[in-house]
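Trainee: Take a look at what Swiss-Prot says about it:
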type	residues	note
TRANSIT	1-63	transit peptide
REGION	66-142	region 'Disordered'
COMPBIAS	68-85	compositional bias 'Acidic residues'
COMPBIAS	88-109	compositional bias 'Polar residues'
COMPBIAS	117-129	compositional bias 'Polar residues'
TRANSMEM	256-276	transmembrane segment
TRANSMEM	300-320	transmembrane segment
TRANSMEM	325-345	transmembrane segment
TRANSMEM	363-383	transmembrane segment
TRANSMEM	426-446	transmembrane segment
TRANSMEM	473-493	transmembrane segment
TRANSMEM	513-533	transmembrane segment
Amino acid sequence: MQLPAMSCSPSQSSAAAAAAYGCCQRILLASTSLPATGRPARLGLKLRSTHSLQIRNRRFVCQAMTETEPDGDGNGDEEKEELGDDASSPSVYSVTQENGSAESETNADNTKDETVNTEPLSSSDTVQNIDGDATPASDAQENVEVVDVAVGSPLPGMKQQLDESVRIPKATIDILKDQVFGFDTFFVTSQEPYEGGILFKGNLRGQPAKSYEKITNRLQNKFGDQYKLFLLINPEDDKPVAVVVPRQTLQPETTAVPEWFAAASFGVVTIFTLLLRNVPLLQDNLLSTFDNLELLKDGVYGALVTAAIIGVHEIAHILAARDTGIKLAVPYFVPSWQIGSFGAITRIVNIVRNREDLLKVAAAGPLAGFSLGFVLLLLGFILPPSDGLGLVIDPAVFHESFLVGGLAKLILGDALKEGTKLSINPLVLWAWAGLLINAINSIPAGELDGGRIAFAMWGRKISSRISSLAIGLLGISALFNDVAFYWVVLIFFLQRGPISPLSEEITEPENNYISIGVAILLFGLLVCLPYPFPFDPSQLTDFDL
C-alpha cells in the first residue's frame, strides 16, 4: 500500500503533525484489520535477529497538508509516551500495529496490542515466538566467553591452600601474553588455565636466568606483588614452561601445634635416645630404663659426640640458607632406638630461587657432618683405648660398612682378624653413628638432603626416578635391617616429597657444586654399603670355587 504524498507549509504548528499522525494511524489500522474468523486473534511475531527485525519494521512518514484535525481514537498521547525519545521529531514516527483492542471502535476482536520497536534489543529484552514462548533476545548478541579450567594448581607438588579457587581473569591472561612475555624472553604458543593459576607453553629465548629476571620485572611493573612467576621444565616433553599463580595460593600451611613446641618435644626424646643408645645394659632391657636412670650418665660422652656431628650438620644448613636467602623452619630431631637419632627434618619455608641455591643448602649439612665424622673416626682408629674406656668388639662388625671396614683394614692391619676380639677406642663407634645418620639423610629419596641434591643436579624428572629406585632398594633392605625398616617408614610418611617448585628450575648449577653433590652421594653410599672382603688374606681361599 502506498500513501499519497502530502505537503504542509512551514508555519503550521506541531498540533498539525499530531493530527496527521492520527490520520496515518487510521489508514494503517484500516489496512491491517483482520476479520474475526479465519486468522488468529493475536498476531504472533517471531524475531530471529536484529537484522530481520529491522527489515520487517514499517516506518511511515506523514507530512501534514491541512489544518489541525481532531484525533479520532484519542490514543496519540499514549503512543507518543511509548515512543519515548523517538517522538521528539514531529515528522518521523514508529507506527504501532494493532489487531484490535477493547478500546478500539474499528475492530470487535478482543486481542491485545502487539508493538514493533525499531530500537536494537537490549540483553534484558525477551521476544515471544510463534508458540508464545519467551526467549532471550540477547542470544544472538551476547559474546560470553567461557574458559574451562583444570582442577588444582599448575605447580608440581603444590596443593590448593584456599577453600575457594582463585582464577586469573582473561584480561589478565591477555596482558601476560602480550605485555609481560615477549619475543625476547618467552614466546607463548598456548596456555592451560587452572584453578590456582595458569601454565604457559612456548619457546624460551636467551639464558633462562636472564629471561626470568626480565619477565619478573615486567610482571612486577604491571601487577605489583599480586602474582608469582615460575620457569619450569615440562616433564612430558622436557620443554620449558612458565607458570603464573596468585601469591595468595602460595600461603604456607599452618599447624595446630606450634612448631617450637613440637620441635622441643622431639628434641627431648632425641636426647634420651642418644643417651640410651650408648648404654648397652639398658638396651637389653628397655623396661628397666626408668628404674636405672643413673646409668644414663655412662652414655653422656657418646651422646655428645653423635650430637656434635648432628649439630654441625644443622648449623651448616642454617649458614648456607642465610647466605642464599632461604628461610628454614625449626628442625625436628627424630629419635631412634637403634642409632640414637635419625637426624633432623628441616622444612624450607619460602620459595628457593634456583637449583644452585638448593644444592648449596642441601649439600652444606652432609658435607659438614661427613667431614667432622670422618675426622673423629680416624682419631678413634689411631688413638689407643684409654683406661676404662676401651671397648671390646668382634671385628665382624666392620663388615657392615664399606667405608669403616676399609679404614679398619687400612689402619689396624694384621690386628684385624676374623673371630679375634679387638679392643678399640669407643670414639670409633660414636663417630660411626654420626656418619651413618648423615649417610641415611644423603639417600637420594624424597625431601631428604640426598633427594634435594639429586633434584638440584639433575632436575625434577630424573631425580624422581632415582628417588623411586632408592626407596625400592631401601624397602628391600628393610627386610633384613631394622634401621632400614624404620627409615623407609619415616620417608614414606614424612619425607617422600615431591620437592616444592623453585622459581627457576631450568638453569643447572655450576660444575664445582655438582662435583660436591656427587661426592656426598658417593660418600653416603660407602657408609651404607657392606664391606664384602675378609680381613684375613689367608681366608680368601674360602671363596675359591
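Every residue, even glycine, has its Cβ placed from backbone N, Cα and C.
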Trainee: Would the transmembrane segment (426-446) count as touching the transmembrane segment (513-533), if touching means at least three Cβ pairs under 8 Å and pairs must be 6 or more apart in sequence?
Mentor: yes
Trainee: I need to check the long-range neighbours of the transmembrane segment (300-320): which residues 6 or more away from its ends have a CB within less than 8 Å of a CB in the stretch?
Mentor: 271, 274-275, 277-278, 326, 328, 331, 333, 340-341, 343-344, 346, 360-361, 364-369, 372-373, 376, 426-427, 429-431, 433-435, 437-438, 441
Trainee: Quickly jot the same-chain residues contacting the transmembrane segment (513-533) by Cβ under 8 Å, restricted to those at least six beyond its ends, or write none.
Mentor: 356, 359-360, 362-363, 366-367, 370, 398-406, 409, 435-436, 438-444, 449-450, 453-454, 456-457
